Structure formats: structure tokens, C-alpha cells
Amino acid sequence: MAFLKLIFLIFILHSFMPIPISSTPSLNKEVFAQIRPDFLDFAKKPEIMVWMVGIRRKIHENPELGYEEFETSKLIRAELDLMGIPYKYPVAVTGVVGYIGTGKPPFVALRADMDALAMEELVEWEHKSKVPGKMHACGHDAHVAMLLGAAKMLQEHRNDLQGTIVLIFQPAEEGGAGAKQMLDAGALDNVDAIFALHVSNKLPIGVVASRPGPILAATSSFEALINGKGGHAALPQHTVDPILAASNVIVSLQHLVSREADPLDSQVVSIGKFQGGGAFNVIPDSVTIGGTFRTFSKESFVQLKQRIEEVITKQASVQRCNAKVIFHENSSYPVCFNNKELHEHFRKVAGEMLGVQNVVEAVANMGGEDFAFFSEVIPGLFFFLGMKNETQGPLQSGHSPYYMVNEDVFPYGAALHASLATTYLSENPPKHTSPPEGSFHDEL
């Protein structure tokens, strides 16, 4: 009997003890299950669509080159202010970093690039570039509009987030290594993962593509000044011909890929610049050549760079010339590498939104992307967003003066941004119940 009384007493005491509450909250999965399917429907609302299109067209009419995106940045900040989204500015000269959520871990980032290209737009339409010699010919204006669209949706659900979504509006993707500058400025401090998209003229609208591992190549460019001795073309014996030397250099550079590289290890060396001489009967004193090289591995990149310099200098010396090689470090990007776990996350989220048949495997290509600087230091996922509509005719590829964006793609990009970020927060609760003091800072 005494034993039963003891058991009953323990039961009563236990009943009045407080129930422990987890100090590592995550996004309420029931709440999120109701939110996510609405993202695409929300983004397709006429008023949201018109708003995103308007932003894109304003940016398109006023293109700005790398680190000159002051008006673009001003427009972005004005929209964030209207939405009540706090941000940091300037980051890497013109960059903007916005924050939605608690200001505490976990942190997940979404990135859009802002810069235009130095080229003349040849598309005749109402919102053609108003700046001579500058054009948004790679879709960065669309990327900004879609990330702002995602921000509008995410801000409406900010109270449901247990974590922070970081909005990266990045300058100077086109050769200025803006991503690296933003990293150096601390834009990704405390961020656990990052996502980015790029519109594609090759994929149908409503279709997306990515792949785990390398998706875009490590890239760099170089110039070489080959010096000889000029003179009259009728008396070549009195000259040291740098044109002949440069010609031999170019042929020899092609052997680096065809005879030194593993055929299964993709590499490219291309010469796109050859400047020398100004008269048909004069051998010049010097010739300048320039080109690009690309690989899918860091080791191959380092080896190829070394051999390019050796071939140029030594092949020039065979022709009695001397050569100096300059590598353009500001245009050097590492391999753009997709994290395997984030790729599976992308496949799942995009498949639920668009249908699994519309999530395809991307073909790796030798193009470069400075998103690679981000994915080199934290897990990253870069994907392509289709915008092709056969009924509207073909779209030109990026960096064409006839490049156009199919604005019907905007709801898909905005909704995928929002869904990828919120799902990531729901599946990745904070790693520490009580983070050590100083281990992260409250961005808000």
C-alpha cells in the first residue's frame, strides 16, 4: 500500500511539472504547407506581374555597368523601403543586402545580379536602352525584378519564418568579380546556403534545369605582348617578325588541349584578339594577342595557366621575339559548383511546384559565372529558368544586341526563389540551441 501511495505521489508531481519547450524553433510545417503552393498563384496576380514588369523595364531603359549601378541600386532600395524590408547599403560599392525574418539563424541567401553590358541595343521597342553603348543583354534586369517579387511574398509571411532570408543584389557579375567583393565585404557572414537563377532562352517556360557538381567552368583571360623588330616587308631578313611569332604561338596554344589535356577533362583555350601592324607592306615592331581559357577543375586551371605562359614566351623566343603575358585576375572565376544536397532540395521543391517532368538535368558548359565565388565558400545552387515560348518566336542568346526577355517567366522565378528559401529554413533548424556569444550577429 505504501508503494502505491508513492507511485501516485510521483504521478501527481509529474503532472504539474512544466513541459520543456524547444529553443530551436523552425518554420511551422503546417503553416508552410499552406503557404508554399500559393507562391506561384500570388506571383501570377495581374497587379504583381505588372509591378515586376515595370521594375524590369525601368532598369532595362537605364542600364549601368559593373560598380556603376547607382540608379539600379536606388530603385531596389526604394522598393525595399516600401515593403518595410531592412537592408545594408552600400556593399561592394553599389550592392544591397536585405533581410527578411528574425535576424537570427539559420540564414539562407537569394542572389540577383544587377549590371548591364557595354554594347548597343538593336532591339526596337518601347523600352529600349536610353544609354548609348549600354544594354541589359543577359537578363540581369529580369533577375532583379524576380528577386524583388520574391521579397514581396516573403515579407508578407515574415512572421512565419524562424530564421532569416538574405537578399543579395550584386554588382559587377560581367567581369568585375562583384561576388568576390561582396564576400570580402561580409555579405554572406553567417549564411548557410545560397541560391541563384539565370533565365535561359533554350528551355521552355515553366522548365528549370540544374545539376550537382560543376555546372559552369572556371574561367580567366589573358593578353600577351610579343615584341620583335619592325621593318619593310620587302626586306624581312632585317626584321624580327612578331606576326609570324604570334601565329606560331596561337597554333601551339591549341595543342595544349588537343595533346596535353585528358580528353575526358574539358578544357578550352580560345584566342579572340590579334592586333598588329597597320600597313600591308610594313612588318610591325609588336603584336598583341588575347584570349580566354576555361576548365572544370581547379587543378587543370592552374596547370593550363602555367602552360599558356610557357608556350607564349618560349614559342616567341623560337622566332627571336620576346613576350610578356598578363593574366586578368579580375575576370578570373572559379568553377561554379552545385552542392549535392542543395540540388536534391531544388529538385524536390521545383518538382512540387512545376511538376517533376519540368525539372531537367542541365548540361554543364564552359561559360563562367561569378556566383562561383559564393558556392566556393558555402553550399550553393545555381539553376537555369526557361523562358522560351515557341509561339512568340525564337529568343537570342545572352550577350547579343538582339537579346530579349520573355517577361511571362517572372512569376516562376519569384515563386521558386521564395519556395527554395522558405523550404530550406523549414528543413534546417538552427544548429545550436543557444549560439555562443559572438558566433553570429543579429543582422536586423
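For all residues, glycine too, the Cβ spot is worked out from N, Cα and C.
Listed features, source TrEMBL:
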- CYS138, HIS140, GLU174, HIS198, HIS399: Mn(2+) binding site (BINDING)
- 223-316: domain 'Peptidase M20 dimerisation' (DOMAIN)
- 1-23: signal peptide (SIGNAL)
*Cβ distance under 8 Å to CYS138 (Mn(2+) binding site), same chain, sequence separation 6 or more: which residues?*
ALA116, LEU117, GLU174, GLY398, HIS399, TYR403
*Excluding CYS138, HIS140, GLU174, HIS198, HIS399, please set out which residues of the same chain place their CB within 8 Å of the center of the CB atoms of the Mn(2+) site, keeping sequence order.*
ASP113, ASP115, LEU117, HIS136, ALA137, GLY139, GLU173, GLY398
*In sequence order, which residues at least six apart in the same chain have a CB under 8 Å from the CB of HIS140 (Mn(2+) binding site)?*
ALA112, ASP113, MET114, ASP115, ALA116, GLU173
_At 10 angstroms around each C-beta, which of the binding-site residues HIS198, HIS399 has the fewest other C-beta atoms nearby?_
HIS399
*Could you please provide the mean pLDDT value for the domain 'Peptidase M20 dimerisation' (223-316)?*
97
*Could you break down the residues of the domain 'Peptidase M20 dimerisation' (223-316) into DSSP helix, strand and coil, giving a count for each?*
41 helix, 30 strand, 23 coil
